[in-house]
Amino acid sequence: QVQNISQSMEVLDLRTYRDLQYVRNTESLMKGLDSRLKVAAESQKSLNAKSFQELKDKMTELLPLMPVLDQYKSDTRLIVHLKEEVRNLSGSLLAIQEEMGAYDYEELQQRVLMLEARLHACMQKLGCGKLTGVSNPITIRASGSRFGSWMTDTMTPSADSRVWYMDGYYKGRRVLEFRTLNDFVTGQNFVQHLLPHPWAGTGHVVFNGSLYYNKYQSNIAVKYHFRSRSVLVQRSLAGAGYNNTFPYSWGGFSDIDFMVDESGLWAVYTTNQNAGNIVVSRVDPTTLEVLRSWDTGYPKRSAGESFMICGTLYVTNSHLAGAKIYFAYYTNTSSYEYTDIPFHNQYSHISMLDYNPRERVLYTWNNGHQVIYNVTLFHVIKTSGE
């Protein structure tokens, strides 16, 4: 509305100036014509052929005044329209003022969070999808050693863009928390958390404000809460191998890998009872109790890395260059298939690979580089009757 009013005013201003000049220039002509007509009205004899022609010529000069007057009629209608636009704009501004005055900052923030929750619910209506493609890698930063992990929270609202950074795979305790992704890129604005128990591997995940990781030299899962800086719970994963008993192909004490997808928290590991094949377990995020497990039949030592999307475990066949997403296990049907999804391993050594369901991207630590990949999912639309 403001733009329309501004443009209309510019047109009116230009037209008014131009036409006013023309009317002023014709003022003397109209006065002369008026006096001639008065004389002609008093005595028709005085209007000879010559005088008549002069009068006719002056009338001809005045003819362009007609469209000017017509334009003024059009401008009058435009002014009425502008008046209505201004009235509407004033009403809109008043409504905005009343709306803003009705809520304080905290109430507005709550409304934003409610809208985000509704948006998240709408995204879930898309249904879970089957992975059909992975984009080219996007390098966010080059830092740290050859092995490590980095992540954002997989559950918090999008306004929380903190990044966590854990360099190394062996006996680490230092977790850096960056305020935003941009701060992570520039290496500034961070706080340090010193874990009470060291970690093993790189299979850590941040879920709803807590870090889930494997305690060094054990098959114990630890839940560390960042805000209270304390361990909320720890529990042993019964029979799970540790200390490089059943790591991924790259080693690095990667026996136990925590991950989160649209349906919650998972642990990927293996046991002697499963003959070294990958086990996928649903884990209660509050108690760390294993809710259900699946034996995928895929040897863990042959896997480069793995990640969960929509209840499906996807496994790469190598951690080195030339890797591809080679295997998929569907927990909803307890079935599997071999896949052939290209996966560009730009820096030739992946030691961490995790899916973030909130952002729908893959986070990767690739030979001292922090990298993300966008994913393409084939969605099944859910209707209210399903």
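Cβ atoms here come from the backbone N, Cα and C positions, even for glycine.
Feature annotations, courtesy of TrEMBL:
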COILED    79-125  coiled coil
DISULFID  C128-C310  disulfide bond
DOMAIN    127-379  domain 'Olfactomedin-like'
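The Cβ of C310 (disulfide bond) has C128, G129, K130, D261, E262, S263, L377 as same-chain neighbours under 8 Å, each 6 or more residues away in sequence. If you take every residue in the coiled coil (79-125) and average the pLDDT, you get 66.
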